[in-house]
Amino acid sequence: MQDPSIEIALIGAGTIGLSFAALHLTQNPNCTITIHDTRPDLQTYIQRHLPTYLPENANQEPYLARLSFANELPTAVKNAQIVQEQGPENLEFKVAIWAEIERHAREDALFWSSTSGIPASAQSREMQDPTRLLVVHPYNPPHIMPLLEVVPAPQQTAEAVVENTLEYWRELGRTPVVVKKECTGFVANRLAFALFREACSLVASGVVDVKELDEIVQASMGPRWTVAGPFKSYHAGGGEGGLTSFMEKIGGTVKNCWDASKEDVTANDVSVGGKWQEDVCKQADEAYGVVDTAERDMKTRKVLSAVADS
Ligand SMILES: NC(=O)c1ccc[n+]([C@@H]2O[C@H](COP(=O)([O-])OP(=O)(O)OC[C@H]3O[C@@H](n4cnc5c(N)ncnc54)[C@H](O)[C@@H]3O)[C@@H](O)[C@H]2O)c1
Ligand SMILES: *[C@@H]1O[C@H](CO)[C@@H](O)[C@H](O)[C@H]1NC(C)=O
């Protein structure tokens, strides 16, 4: 039988790196992890923060026993079958580190960048073999959120690299989705920030306040979207005629909303740094103070497990 053990090198262990470490350790009993991060207090930082990402009340020893540290990059990547990078979001950093990783890693190692926006085709600029690199963009926090946007560099990343990447994540029960073009923000953030722009615009117009807008989303699209995305939802909304029929019946309302949205966004100057921003941020501070992410994450896990069970 093939040895199922797999070694993973995590380069950068901040918010995203720790969350990925927890994900691999808890979902993949066959993995060992080596962390490389230039933070001087790395070990105390990890000892303090990683447990908050691991299942509560579980014995954490078996997880931590599969975790080690490497001060030097070559040592970290030398035996790894997967090298996953989540260092600073900075093109020069990523270009330099991939060229170095390539020099020291195994020839069959998969190379994944967690970047939110720097395409693989740009990061691989100084690699000997740019076919090896792709983006695996998580939706924060990845130890909870199932989505991974897999973004190969078109005409560059090898098909086998994409396939092996998808296979790994499917085996872990995650939801990897291939994004066919290296578009700005990929897909999840494009959608999220489109809704966010509209939310800011509606608050800036005085239609609702920050808290009321959140209530509206939490009590409608929020629960719906864990079960059916916008296309399936509106396809269902059209009855037997599906989305075609929905657009025939509701298309006028959709058009009015899209037109009004464009006008309001312009009228309220909803651009980043626009004059609306200070007031909306102040409202968020007053409504929520510092958000308890532990409670948020606990509830999100319950929602996901309810959806998975049904
Ligand atoms: N935070 C998010 O919501 C989010 C979501 C998706 C993707 N990302 C992407 O993940 C990456 C990391 O984001 P983050 O929020 O975890 O940042 P972060 O600042 O929390 O972590 C970055 C880590 O990289 C380390 N580092 C710096 N220089 C290094 C080097 N030369 N070698 C190794 N490690 C080094 C830092 O010490 C730090 O621990 C970015 O590319 C970001 O775009 C972030
Ligand atoms: C771990 O190894 C076992 C035994 O080979 C295998 O059945 C299982 O699918 C592996 N799990 C993962 C997540 O790779």
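Placed from the backbone N, Cα and C atoms, the Cβ positions cover glycine too.
The feature domain '3-hydroxyacyl-CoA dehydrogenase NAD binding' is assigned by TrEMBL to 8-182. According to TrEMBL, the feature domain '3-hydroxyacyl-CoA dehydrogenase C-terminal' maps to 185-253. The site 'Important for catalytic activity' annotation in TrEMBL covers HIS137.
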Helix-strand-coil residue split for the domain '3-hydroxyacyl-CoA dehydrogenase C-terminal' (185-253), DSSP-based: 54 helix, 0 strand, 15 coil
PLDDT averaged over every residue in the domain '3-hydroxyacyl-CoA dehydrogenase C-terminal' (185-253): 97
Spatial neighbours, same chain, of HIS137 (site 'Important for catalytic activity') - Cβ under 8 Å, 6+ residues apart: SER114, THR115, SER116, LEU148, GLU149, VAL150, VAL151, PHE186, ALA188
